[in-house]
Amino acid sequence: MATNITISAQDQNPADTVSFSLASPVPTGAVIGSSSGELAWSSVPTTLTSNTSLKIIASDGKANTALLPKLFYCKCQNGGTCKFNIESTDLFTEVPCECPSGREGNYCERDIDGCADNPCFTGVACVDVAAPGTGFQCGPCPLGLVGDGSVCSDEDECLKTPSPCAQTCSNLPGSYQCSCGGGYILGPDLTTCLDVDECSRGTHDCDSNAACNNTVGSYICTCNTGYTGLGTTGQCDDINECSASPCQANAVCTNLVGSYRCDCSLGYELDPLTGQCTEIDECTRDNTCQQTCTDGVATYTCGCNTGFVIDTTDQVTCIPEQQCNSAQNATCDYTGDAAPLCAVIQGEVTCNCPPKYTATADKKCVDIDECSGAHLCRPASVASCVNTVGDYTCSCGTGYKLDVDGRTCVDIDECTELSSGSPMHNCDLTRGYCSNSVGSFSCGCNAGYNLNATGNGCEDKNECASPTTNDCNADYANCTNTLGSYTCTCKTGFTGDGVICADLNECGLATRGGCAQGCSNSIGSYSCFCGNGYLLDANGLTCNDYDECSREADNGCYSSQYCTNTVGSYTCTCPVDFILSSDGKTCTAANQCAANHNCSHTCARLSGNDTCQCPKGYELDASGKNCTGEIMWSTSYIRTN
């Protein structure tokens, strides 16, 4: 810093000329005009001691006088006030500085760092207010918090109108969480509630004899036809329909589980044309009468032709009223299929054949082939007639059996009937079922199984093999096959039941994903980030202070030598002969040059010398006049995982 003062002296003889000089040792850079008395000191020492002195000699050519002044030197910067009103016995004294607002240091060379004590809320950026301003400015509070940045408190989003949630809102530190009541699941937007179809998902408690009907937010169980009750498990009871006499006349009602059956009464049968129960003429069916038959309801009565009477011992056999003698018996031929019965009727000898035999012209009894004519084997599509001597039998095709009348073929229920104590089917009842059909049966499998190649076994069905065979969320869920079923599980970063999966906002949880400062949610994931002045740690969660002073590109100070790192920030100072600008970063020369000296940018008077200066990023060329070569630096140092 240069100092200029004018020294004056008066001689008693006005005619004498006074001249000035400096006594040895002359301080470096100090000169005085011999006639003008103008003292110029271009290089005041930066380090002052009590031994530093400046002695001025005044002479009129005849006599000398000396002045040893007390010098008070001020090195205040940045508008600091020099406190000259101090007492000192030293000849050369450096006076203290009274710093303006926002400055500190012996020479007011430092901007007071308002962010030094980390006054802002965790994760909120702090910006120091450059001198002459004081204090600091905090950035906005993190998402979900309210305040001035210095103090941030949780905002209860659930108190907003309208509520951000469709049903239940739970406040969380810095966020909130929506949830849904029974019968609903949270939608993909994490705010709406979607109906759960309990019926299709099998999460209902309807009875096995009830139907499930989905409703919005719930479901209704309704007992099937033939049952009554609430419909829930164990609450569907069989209805005895027979108590209402639903069957027609000449029929009896049999109650069944969940239904009932009407059967024609004894002695009646169902007419397939009219659907009515008609009386059976037993005499047209198989009967044991030897000669004549009289029909009755559910019975019949045997009678005899003229000349015969009924045998009272069996009420079936007819015996002659007049027996044949041996000669008369000889007139009948006994070599046929059955022996004829000889009788004398009205004086005439007759040879009578038993039922199901017919007499030939030579009075021989031969078998009647019922199968060649009308017979009672039915239905014709599956029943076969086999003639026997004196009778016939009926046989049935595969899947049928003879009814108790020995003539009618009825379906065999292979699913329930046994043969020699063993089932008549070969279906896998552990994982499937047997389904009876007319004349046959088929095997089926329970849900979650497929019929094997042989058609009787059940193999696990891999529902996860194709998106069309499961209802898991195709994008955000994993399907896991299980024996006879499958499970849906939302992928990491999503929440839901696996059928409906919504993004999990990790940043909205109380733990905020473990992030130390900022948290940024993304679909299925999240990332942590740090505020200015911090770097994300390798663990992706914590934030470490970044030393901006380690790279000139990351600070605006005069040089790294004049940069002081602080937690989350930094402060700048300036070298001697420079003062810090209001931006808290730029250093400008305290004293400008009287002339520009052809400098391409600015000229500053440093240590008594006029020197060309370049802005940051430039450097002086060999001429010492021109600033060239802008240096480009990367300013990005904040990383996110």
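Even glycines carry a Cβ here, placed using N, Cα and C.
Any TrEMBL annotation is an automated prediction that lacks curation.
Listed in TrEMBL for this protein:
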DOMAIN    70-109  domain 'EGF-like'
DISULFID  C99-C108  disulfide bond
DOMAIN    154-194  domain 'EGF-like'
DOMAIN    195-237  domain 'EGF-like'
DOMAIN    238-278  domain 'EGF-like'
DOMAIN    367-410  domain 'EGF-like'
DISULFID  C377-C394  disulfide bond
DOMAIN    460-502  domain 'EGF-like'
DOMAIN    545-588  domain 'EGF-like'
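Across the domain 'EGF-like' (367-410), DSSP assigns 3 helix, 20 strand, 21 coil. Helix first, then strand, then coil: DSSP counts for the domain 'EGF-like' (154-194) stand at 3 helix, 16 strand, 22 coil. The least crowded of the disulfide-bonded residues C108, C394, judged by other CB atoms within 10 A of its own CB, is C394. Mapped onto DSSP classes, the domain 'EGF-like' (460-502) shows 6 helix, 18 strand, 19 coil.
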